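Enquirer: One structure is given below, represented as structure tokens, and several questions about it will come after.
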Amino acid sequence: MASQTATVSRWSRALVVAGIVFFVAWHVAVLAGATRDGTLVLGLNGFVFSIVFGKAYGLVPSYFARELAVPYAPAVHLPLAVGGTIALFVGRLEFGPPILSAVGATLWLAGCLVFVGTLLWTIRGNPTGSETGTGATDRHRKRVDRIANAAVPLVLASLLAGATLLALRAWELEPPIGVSSGPATTHLLAAGAAALLVFAIGFRLLPRLLVVTSRSSLVAVVLVAGAVGPVLLAIDLYGGRLFRLGATLQALALVGFAVAYADMFRRSDRRRVGGWVILAAVGAGTLVAALGLSFAIGDATAATTDLHYRLAVGGFLGLTIVGVTYHFYPPAIASSRFVDDRTAALAAGALVAGLALETVGAIGNVPEVATGGVALSTVGGVLYATVIGTVLLERR
């Protein structure tokens, strides 16, 4: 059992490392002027999902009172996720052969099949999460834990649907259902899978990190809205009534999660770097919600669409991941005199300030300011990778 746990931990950590490398590569690619279609792959498929996959292999089974059914699943998944992302990115570059996109999307889909299949087999006797693995000292959290667990199968369904649509698009095939396979696919992956998993795991993990309780009524509202909204967006993106309803529900989920976290943070005595970063992340999430609603009632421009994507992937999802990884891999334990909480705070500050400059530059139509923001975010990304990389190396 110990060796199986070590195997899962080792390969899950490798996925996290891959995600951090993609985080830096994403910022560099944006700074270099690569197309949004290409950089999105590095940011979402590479950075966000590699880390999501890595942490979910360890967290989800324990939240369902189970052990991962296939300990070597992360090892099988790693080359599929990394190779698929790289091929998909290169194929989307102006000089990249289109066949690489198709191969990359297929590899990435294969990795998702490994991930979804392994987790579904792991929780097969407890699919709705009624067994929560909640300890005796946390009995008061069990209701929220059960509500959060119920969202996980929906996350897996959205991930599988989004990855399948991505592969169909890459092979220039029409999906069998009435869902566009372009931006709608991105929303299904980013909102229906990644953001919903952030909500679900967040409502289990963050109250424990902050040593407070969350409000169960708000948890239910966020998870229901966060589950239904992305589906409606995928079905009717930039359409009519369903699109507006989906945008409203997704905004409700993002704002509700921001309110829930801000309330927990206010009541907590814990004041660590990671907690502040997550506070900035949920703030970015409210801006994502506002932009989404503006698209639903008005026109979207190229600048605001780019900003929406950067705030969603780099702001809400990205900063949440940065904050949570600071909790899992505390910078203070590093023995290097160049890496500590101050270095972590500097990295986070550069990421947040860079994103703020991007926002101001995009809204004010000042490209130089936006570019400066991307450059500052890139510096923050390199510092963040240095901090987490140092901690991971010392934990080997």
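Cβ atoms here come from the backbone N, Cα and C positions, even for glycine.
Remember, it's a predicted structure, so these values are computed and weren't measured experimentally.
Annotated transmembrane segment per TrEMBL: 12-34, 40-60, 72-93, 99-121, 147-168, 188-206, 218-235, 241-261, 273-297, 309-332, 344-363, 369-393, in sequence order.
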Enquirer: Are the transmembrane segment (273-297) and the transmembrane segment (40-60) near each other by the rule of at least 3 C-beta pairs under 8 angstroms (pairs 6 or more apart)?
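Expert: Contact between the transmembrane segment (273-297) and the transmembrane segment (40-60): absent, because fewer than 3 Cβ pairs are under 8 Å.
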Enquirer: Given a Cβ distance threshold of under 8 angstroms, which distant residues of the chain, six or more beyond its ends, lie next to the transmembrane segment (218-235)?
Expert: 144, 147-148, 150-151, 154, 158, 161, 178-180, 184-185, 187-188, 191-192, 195-196, 199-200, 203, 242-243, 245-254, 256-257, 259-260
Enquirer: Using a Cβ distance cut-off of under 8 Å, indicate which of 12-34, 72-93, 241-261, 309-332 has the most pairs with the transmembrane segment (369-393).
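Expert: Looking at each of 12-34, 72-93, 241-261, 309-332 in turn, the most contacts to the transmembrane segment (369-393) are made by 12-34.
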Enquirer: With an 8 Å cut-off on Cβ pairs and a sequence gap of 6 or more, do the transmembrane segment (12-34) and the transmembrane segment (309-332) reach 3 or more such pairs?
Expert: yes
Enquirer: What same-chain residues lie close to the transmembrane segment (241-261): Cβ under 8 Å, and 6 or more beyond its ends?
Expert: 191, 195, 198-199, 202-203, 206, 214-215, 218-219, 221-223, 225-226, 228-233, 235, 278-279, 282-283, 285-286, 288-290, 292-293, 295-297, 316
Enquirer: Counting Cβ pairs under 8 Å that are 6 or more apart in sequence, does the total for the transmembrane segment (309-332) and the transmembrane segment (72-93) reach three or more?
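Expert: They are not in contact.
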Enquirer: Under 8 Å for C-beta pairs, could you tell me which stretch among 72-93, 188-206, 344-363 has the largest tally with the transmembrane segment (273-297)?
Expert: 344-363
